[in-house]
Amino acid sequence: MVVGWPRGRAADVAIAAGVLVVVTAGSAQSLYAPRTESWTVTAVGWGLILAVCGSLVARRRHPVPVAVFTLVTSIVYYLLSDYDGPLLVAFIVALYTVAESGRPRVAAGIGSIAVGLVGFGTMAGNGDVNGIALFMLAGWLVAVVVIGWLRHTTAAHARAVEQRAATEERLRIARELHDVVGHHLSLISVQSAAALRRYGKDRRRGEEMAEESLAAIRETSTEALRELRVMLGVLRQDGEDAPTAPAQGLDSLGDLVERARSAGLRVRADVSGPGRPPTEVGLAAYRIVQEALTNVVRHARASSVDVRVERAVDAVTIEVVDDGPAAAHPLPPRPPDASDDRWTAEPQPETHPAKAASGSGIGGMRERARALGGELEAGPGPDGGFRVRARLPHEKRTA
C-alpha cells in the first residue's frame with residue numbers, strides 16, 4: 001500500500017501548520033540575529049511566510065494556482081530578506097500536490113521554472129546558492145514530481161480495480177437475478193396462459209385442468225421465492241468464505257426438467273458420466289441448462305427438447321437442442337472473436353420483441369462459460385431446431 005498525503009480539510013490544515021512550524025523554526029534567526037535589514041523588511045518577510053504556508057490549505061482544490069503562488073511569493077521573499085529560511089518546503093509540498101493530482105507535465109514545468117530562476121540568480125552573482133546546491137535542488141524537485149505522479153497512478157489503478165470489481169459483482173447479481181426470476185416467471189406465464197386457454201375452450205373440463213396449472217404455478221412461484229431468499233442471503237454474507245451463488249448444481253436438474261415439463265414441453269434428459277464437478281462448475285452447468293430451457297419456453301415455438309449432460313473427469317459438456325424453428329431464437333450480436341462454425345445464425349428482424357432481453361440471457365450463458373475457461377456455442381442445430389452447447393472444464397486454463 002502506498003501512503004500519500006492524508007485527505008480532508010483537517011488534514012490539509014494540519015499539513016499547512018506543520019510546514020509553518022518547520023519554516024518558522026528555520027527563519028527565527030531574523031528575530032534574534034544581528035540586524036542586517038530593517039524591522040519593516042523582516043515584518044514583510046514574515047507576512048510572506050504566513051501567506052505561503054496558509055495557501056497550502058487550498059492546495060487540493062486549486063493545486064496549480066497554489067503552486068504558482070508559493071513559487072512567486074518564495075522568490076519575492078528570498079529577494080527581499082537577508083535571512084533565508086526554508087520557505088521552499090512549502091513550494092515542494094505544493095509541487096507534489098500538482099503531480100499527485102494527475103498533472104505531471106504542469107508540475108515538471110513549474111519545477112523547471114523554479115530551477116531556472118534559482119540558476120539565473122546564481123549566475124547573476126547571488127552567493128547564497130552555488131552550483132552544487134542548484135543541482136541538489138533540481139534533483140529534489142524531480143524526485144517530488146516523480147513520487148507525486150507514482151502516487152497518482154497507483155491510486156488511479158486502485159480505483160479502477162475497485163470499480164471493475166464492483167461492476168463484475170453487479171453483473172453477477174444481475175445474471176443470477178435474470179436466470180432465477182426470468183426462468184420462473186417464464187414458466188408461470190406459460191402455465192397461466194395455458195390455463196386461461198383451456199378454460200375458455202371448455203369451462204367444465206377447463207376448471208379441472210386449470211387446477212393442475214394453478215398447482216404448477218404455485219410450485220414454480222414457491223421455488224422462485226426460495227431461490228431468491230437463498231440468493232439474498234448469500235449477498236448479505238461477508239468474508240471470503242461466503243458462497244458466491246445459490247447452491248444449485250447438476251443434482252437439481254431433475255426438478256428443473258420437471259418444471260419445464262409442467263409448462264407443456266416434452267423434455268428428454270440424459271445425464272451421464274462418473275465425474276463430480278466442482279461446485280462453481282455444477283452451478284454454471286445448472287444455470288446454462290436453466291436459461292436454455294427458458295429460451296425454449298419463451299421463444300422457440302418448440303414441442304420437445306433434448307437435454308444431454310456428460311460429466312467427464314475433467315469437464316462437463318452440455319447440449320440443449322429443441323425442435324422449433326431456429327429463427328425464433330433471438331441471438332445477441334456476433335462477438336468479434338466468433339468463428340463462422342460457432343456462430344451460424346444472426347438475429348432475425350421479425351423475431352419476438354423480447355429478443356433484446358433474452359439475448360442478454362445467451363450472453364450471460366457465454367459469460368458463465370468463459371469465466372470458467374470454457375466455451376459456449378449457440379445457433380441452429382445440424383438437424384434443425386436450435387442448439388446450445390457448452391463445455392465447462394473443472395479447472396480454468398491459464399494462458
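From the backbone N, Cα and C atoms, a Cβ is placed for every residue, glycine too.
As given in TrEMBL:
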DOMAIN    11-150  domain 'DUF7134'
TRANSMEM  38-57  transmembrane segment
TRANSMEM  64-80  transmembrane segment
TRANSMEM  86-102  transmembrane segment
TRANSMEM  107-125  transmembrane segment
TRANSMEM  131-150  transmembrane segment
DOMAIN    284-395  domain 'Histidine kinase/HSP90-like ATPase'
REGION    324-399  region 'Disordered'
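On the 0 to 100 pLDDT scale, the domain 'DUF7134' (11-150) averages 84 in the predicted structure. Tertiary proximity for the transmembrane segment (86-102) is limited to same-chain residues at least six positions away from its ends with a CB under 8 Å from its CB atoms, namely 4-5, 15, 19, 22-23, 26-27, 48-49, 52-53, 55-56, 59-60, 63-64, 66-67, 69-71, 74, 77-78, 110-111, 114, 137, 140-141, 144-149, 151-152, 156. Same-chain neighbours of the transmembrane segment (64-80): 41, 44-45, 48-49, 51-52, 55-56, 58, 87-88, 90-91, 94-95, 97-98, 103, 106-107, 110, 113-114, 117, 121, 128, counting only residues six or more beyond its ends whose CB sits under 8 Å from a CB of the stretch.
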